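Read the structure below first, then the notes.
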Amino acid sequence: MNVNYIFVTGGVVSSLGKGIVTASLASVLEARGLDVTIIKLDPYINVDPGTMSPIQHGEVFITEDGAETDLDLGHYERFIKTKMTRYNNCTTGRIYSNVLKRERRGDYLGSTVQIIPHVTSFIKQWLITHSKSYDVLLVEVGGTVGDIESLPFLEAIRQMAIDVNRYHTLYIHLTLVPFISMTGELKTKPTQHSVKELLSIGIQPDILICRSDHLIGDSERKKISLFCNVSKKAVISLQNVNSIYKIPLMLQDQGLDEYICKYFNLNCPKADLSDWKQVVYYQNNPKGTVTIGIVGKYIRLTDAYKSVIEALQHAGLKNRFFVKICFIDAQDLETLSVKKMLKGLDGILVPGGFGYRGVEGKILSAQYARENNIPYFGICLGMQVALIEFARHVVGMEDANSTEFVNNCKYPVISEITGYQCTNNNNDIIQYHDNVDFSRSTMRLGSQVCHLIEGSLTQQMYGKKIIYERFRHRYEINISLFKEIEYAGLSGVGYSKNNNFIEIIECKNHPWFIGSQFHPEFNSTPRDGHPLFVGFINAAIQYQCKIIGS
């Protein structure tokens, strides 16, 4: 069976939404019964985004196999059913690292190592190797056509048409068609120049997807078709919409999936997008609104919490409520009035993070939620600060802290993971990184099994006793100090396979106060939601009703 390759590039400006378009197209092709996967090619020289600042790069998306990847992989998993792995994200840094290792081993037999053929051959081999079991591989090329960083990737995908046959390769170019308000015109010239730039590299796009503030009319499509040498049927108008989950429907309405199937000579049934129609319907017809506060330290760039934001919206869909999100800088809570800043919230969520900055503000938010019976959801560090707060103010451990912040505190209720060996059979896997900064030396990454206590609120929401969730942390609850905390009313309701780690906590004397060491947001999708997020939003709705009633 031949694999069909679809390459998606972007031009004119960055941030046009290549990831959303790629994922949306993949979802439509998947709905036609095709086995689909996506690979993101990133031009940055970092090996992975694991140590990049969330304020600069956005969130790090964790795959089931423990890879720290680009946030676009989160989009892919939310749109299609195929789970991403470390092989679905390839960076320039990873490529160069592998090429240099091969050179040092002598694999190139003394050849002068160059971009062409060695780097481009590595890229092509990566794509071919990791797409063998699929009908269609979509490849999103990061960056913008014309950037020097993207040239090796563009050369590699140009060569793919020769290596795997032009009939099994298709090039999609995403461009901007700006609207000039003074003249009331859509301008196609930037698109023409972007295609010209792509042609200079040797790539003739087969499909143009044109982003704009307005619907691109018939005359503009004819003009783009003529000057860019692309069929008019293959000029797709993609105007701004209020929901990214409308994109699959918009692509299907313009016949893009049918055009692609005919191009590849694929005989498959029409896509059934009824589930996406339901998502959009629920989004457009909410029964009410709840307000959730996200207390974080990276709020200058909300993409740092992309999966959390999406998971909250998914939970809103399942509850038929619109979720209004308020971002609260954790540092501000340390100096300003907590009551004023958190007033009017129906629920408080504290997401993950690293480092001491803003931690005391997060602790104050957990205390405020606990004392005022406001639904609280702590994720990773958010769980840890909830435990620290409870230990300090309920148990009486005034000096309680994490050894991440205070190494010699009297009550290290959160301490570094130590003494466990890395295994490959899901027994509390610890990833040991050699020759890197100490901050990543003992990171627990990827999907792990968790056993839930029967009858707990968490177990009732999941509806089962064994779950698999994704982790990214190197500090854990100190079991030796937890018994006293649990006796005071903060229970451990989820444990790792060998009971080495407490993964979930619940506050007994609170309507909904839950902390998870794992990151449930990475398993949430618009069509299914996630049990913890759905339960959290439901609790926020109940809290709102209670406040209104009183």
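The backbone N, Cα and C atoms fix where each Cβ goes, and this holds for glycine too.
For reference, Swiss-Prot has these:
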- CYS380: active site, nucleophile (ACT_SITE)
- HIS519: active site (ACT_SITE)
- GLU521: active site (ACT_SITE)
- SER14, LYS187, THR188, LYS189, PRO190, THR191, GLN192, LYS223: UTP binding site (BINDING)
- SER14, ASP147, ILE148, GLU149, LYS187, THR188, LYS189, PRO190, THR191, GLN192, LYS223: CTP binding site (BINDING)
- SER15, LEU16, GLY17, LYS18, GLY19, ILE20, ASP72: ATP binding site (BINDING)
- ASP72, GLU140: Mg(2+) binding site (BINDING)
- GLY353, LEU381, GLY382, MET383, GLN384, GLU404, ARG474: L-glutamine binding site (BINDING)
- 1-266: region 'Amidoligase domain' (REGION)
Subject >> Greatest inter-residue Cα distance in Å for the L-glutamine-binding set GLY353, LEU381, GLY382, MET383, GLN384, GLU404, ARG474 >> reply: 14
**OP:** Which residue among the recorded positions ASP72, GLU140, GLU404, GLU521 has the fewest other Cβ atoms within 10 Å of its Cβ, if you could check?
**Re:** GLU404
Original post:
What is the interatomic distance between the Cα atoms of HIS519 (active site) and GLY382 (L-glutamine binding site), given in whole Å?
Top reply: 10
**OP:** Run through the Cβ atoms and count how many others sit within 10 Å of the one on LEU16 (ATP binding site).
**Re:** 19
Subject >> Local backbone state of GLU521 (active site), from DSSP in three classes >> reply: helix
Original post:
What are the non-local neighbours of LYS187 (UTP binding site), defined as same-chain residues 6+ apart in sequence with CB under 8 A from its CB?
Top reply: VAL177, PRO178, PHE179, ILE180
**OP:** List nothing but the one residue from GLY17, GLY19, PRO190, GLY353, GLY382 whose Cβ has the fewest other Cβ atoms within 10 Å; the candidates are the binding-site residues.
**Re:** PRO190
**OP:** Would you mind pulling the longest C-alpha to C-alpha span across SER14, LYS187, THR188, LYS189, PRO190, THR191, GLN192, LYS223, which the record has binding UTP, in angstrom?
**Re:** 23
